[in-house]
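Visitor: Okay, here's the structure, questions in a sec.
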Amino acid sequence: MDSNADISARRVSGMDWLWLVCFFHLVTSLEEILLDTTGETSEIGWTSHPPDGWEEVSVRDDKERQIRTFQVCNMDEPGQNNWLRTHFIERRGAHRVHVRLHFSVRDCASMRTVASTCKETFTLYYHQSDVDIASQELPEWHEGPWTKVDTIAADESFSQVDRTGKVVRMNVKVRSFGPLTKHGFYLAFQDSGACMSLVAVQVFFYKCPAVVKGFASFPETFAGGERTSLVESLGTCVANAEEASTTGSSGVRLHCNGEGEWMVATGRCSCKAGYQSVDNEQACQACPIGSFKASVGDDPCLLCPAHSHAPLPLPGSIECVCQSHYYRSASDNSDAPCTGIPSAPRDLSYEIVGSNVLLTWRLPKDLGGRKDVFFNVICKECPTRSAGTCVRCGDNVQFEPRQVGLTESRVQVSNLLARVQYTFEIQAVNLVTELSSEAPQYATINVSTSQSVPSAIPMMHQVSRATSSITLSWPQPDQPNGVILDYQLRYFDKAEDEDNSFTLTSETNMATILNLSPGKIYVFQVRARTAVGYGPYSGKMYFQTLMAGEHSEMAQDRLPLIVGSALGGLAFLVIAAIAILAIIFKSKRRETPYTDRLQQYISTRGLGVKYYIDPSTYEDPNEAIREFAKEIDVSFIKIEEVIGSGEFGEVCFGRLKHPGKREYTVAIKTLKSGYTDEQRREFLSEASIMGQFEHPNVIHLEGVVTKSRPVMIVTEFMENGSLDSFLRQKEGQFSVLQLVGMLRGIAAGMRYLSDMNYVHRDLAARNILVNSNLVCKVSDFGLSRFLEDDASNPTYTGALGCKIPIRWTAPEAVQYRKFTSSSDVWSYGIVMWEVMSYGERPYWDMSNQDVINAIDQDYRLPPPPDCPTVLHLLMLDCWQKDRVQRPKFEQIVSALDKMIRKPSALKATGTGSSRPSQPLLSNSPPDFPSLSNAHEWLDAIKMGRYKENFDQAGLITFDVISRMTLEDLQRIGITLVGHQKKILNSIQLMKVHLNQLEPVEV
């Protein structure tokens, strides 16, 4: 039995009080009365034993009211044992009962004659029973059948009886007992020799009242059977509220303690979206018209933000939709204001420095309500004599810091042609521009460049060498910017300081340098001069004289280059005239779907044009390395960490610091120790390939380390790594326009390689590297081969046993091992699909053989989610079975440029097209091996409604069904175009499955 405390001492603990005050502010507990003799005026009729013990009498209270009480005062004789028993009291569901006693006791000290036998206490008992069994004998009048509650002592006593009969010096005590398990109980009061009066008895139990708090309604709940009991009560969310998703909670609950007080809340309800709290969390009220609440919670409704309104003129809105011409970007919250596209940049101006142009402008007057304004630069070359024939600037034009996504209000444009009229458009865009049907606003300015110095000469070739001389030749500058008057050659011994250099002037693009030392490595640079002055020096090239005693050699296989060099000046004039006539002729031709009146890439295919040279054609592979790759002193390189591994060794991140120049980050491939001569040649072969390329969308070779260990290939460092893994990490974070910009860069790099008669053979997103400015560059030239310059059949036939990346490779390359620039175009289409699907694996989990079979059945990949139709159509063009029908990279670049200029073309999604569509693969085709008949197949593709049509036509076996055509479907009564297409697509997959059951020759 628990200990009892006085009512005056009962207090709520500190934590409970804090909870009550700060969390719920609940009302006080309820008392349910089971028995109350307070103010009783008629006979109560309780049973006493012995009869001369307790007696029921009438007295007056302090308000002069006549009340019935029980009293006993048998102190004269020792051994008193007087019992008073109540009637049977039903507990009415109570688990714990409280008894409040009003009584008075006479002070034993005031009765000296009986002081030794006098008591000032009495004892309270209870006895449980399912039925009323009371009689004069039962329950028995001793402690055995009774349960003691407590011995009650008076706090105050009186010394003499009031002559008026009033009750004096009243005591009030509360005791409790439980848990109760039977239908009812009796109370008994035992006197052992006191002189006292039992004025009133109240029997009650506590209940926690019904309450609505925290948007939940809790019913009236009885207190538990113990003082420390917590009775759980499950609440119900009020109207328009729902249970909050609190971790670990299951339902909304309160707990009723033994004193009838609510405490220990778990879970809670919150107002639904479109509703807010009213009446101190008593109810949820719909948001007024013109306001909204987007999510479940206790937040109030908010007024619709700027440029938005509630979708319906009714209360309870969960969102405010944007007004016409205003939008929210994907990164904006639902309560963010709607914003528009920015106006055009202001005060666009330019400054010309030689053939470079510095463009500056001010922010748009109207930013559309956003801070994320960016700028794109559109460059057009406009011949002065033919208005309206502006074409987009070529890839050689450079933009610093970038062309697209500028955050600065300035850009420097370099590598412009001299004496040419240019038009520059500066577009202002933000994150909602692509959501708008309006074209980006832009400012435009016309710029005419003046005559300029020649551009840098891209490379030099060694024609012959001796012990004391070297003969070199070089092509014309890509941009002569006038008539070349002569060339200046600068050279010095690599072992000496650059300040000790010598110069030589040549009127042709070939020179012989005399008086050199045997066996020495010399550094050469060349520059061209026009009437305006000298252009910049070319990059440094390293050539070595013969050792003493070696025979002079001449590269016979380069004889055409020698002849071409001698005739270079005359050839340039002829080529220029041909190029002008070609441009005029092309401008009059009918526009193709890919050109869009853009400038065509002019390849003279003659003297001075740079070609790719296969390193394997060199008798000495080291000669190719010396010619195409710059040797780097190992002391200039600092390796900081390993970032990967490759076939030949590790890939590292490091820094390169040339004397007198700034340090910059590089990627370093190292050749593992224990390599063979063949492995060394293969490892360095990639460097001799890369060293021939110079394009902003092709990985740049810094140089090689071959004179120390380990052997290294040093390239520029691409911060974001391979394109496929980068896209998977950033899934959904780029706009369609940004993805198209990446694709355009890849296509530009491949156009450059194709123009050099170079076939990549392994073009895939994994072999595209991405830098911090999202510039994509073609890399990994391990599988690449030289493309012979045969216009009728420019192919390379690979070795019969070489490994081929099936998912990226054109069918003719898989079947016949024939690789061409057209097969690279097929691979580029797969790269497009990878980019638009954020790095998803092409053909998903299909086996290589399934891929081969599907392509042979004319199946093609479907558009990735949200892929613009125009991009998927371009992919399908790249996947034409006849390689002659595939577009050239030049046309692909033009098509992507058109999309970038008109972003509205990128908004349409889906596979619809005006031209006949090819069957498209599905990521989840029917599992044909598990299907046994036509009915199961129709159910699998959700076309079960046509079972009867197939049955009546006798179309039962897959072999017969696989030969059905569109006319057959129409004949058996399938007329809905969408259903026809769905069934035909599945029939194509059925064909692939049936073909897999037969041996396939690859």
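Heads up, residue numbers simply count up from 1 along the chain you see.
Every residue, even glycine, has its Cβ placed from backbone N, Cα and C.
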Visitor: So which of ASN446, ASN515 shows up as N-linked glycosylation site in Swiss-Prot?
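Guide: Record lookup, Swiss-Prot, feature N-linked glycosylation site, residue ASN446.
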Visitor: Look at the ATP binding annotation in Swiss-Prot, where ILE643, GLY644, SER645, GLY646, GLU647, PHE648, GLY649, GLU650, VAL651 are given, and name the residue from LYS630, LYS669, LYS707, LYS730 listed for that site too.
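Guide: For the ATP site that includes ILE643, GLY644, SER645, GLY646, GLU647, PHE648, GLY649, GLU650, VAL651, Swiss-Prot also lists LYS669.
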Visitor: Between the Cα atoms of GLY649 (ATP binding site) and ASN446 (N-linked glycosylation site), what distance do you get, rounded to the nearest Å?
Guide: 52
Visitor: Sorry to bug you, but what's the C-alpha spacing from ASN446 (N-linked glycosylation site) to VAL651 (ATP binding site), rounded to the closest Å?
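Guide: Between the alpha carbons of VAL651 (ATP binding site) and ASN446 (N-linked glycosylation site) there are 47 Å.
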Visitor: At the level of the C-alpha atoms, what whole-angstrom distance separates SER645 (ATP binding site) and ASN446 (N-linked glycosylation site)?
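Guide: A Cα-Cα distance of 50 Å.
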Visitor: From the centroid of the CB atoms of ILE643, GLY644, SER645, GLY646, GLU647, PHE648, GLY649, GLU650, VAL651, LYS669, the recorded ATP site, which same-chain residues not already listed sit within 8 A by their CB, in sequence order?
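Guide: Other same-chain residues with Cβ inside the cutoff are CYS652, THR670.
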Visitor: Around ASN446 (N-linked glycosylation site), how many other C-beta atoms are within 10 angstroms of its C-beta?
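Guide: Counting Cβ neighbours of ASN446 (N-linked glycosylation site) within 10 Å gives 11.
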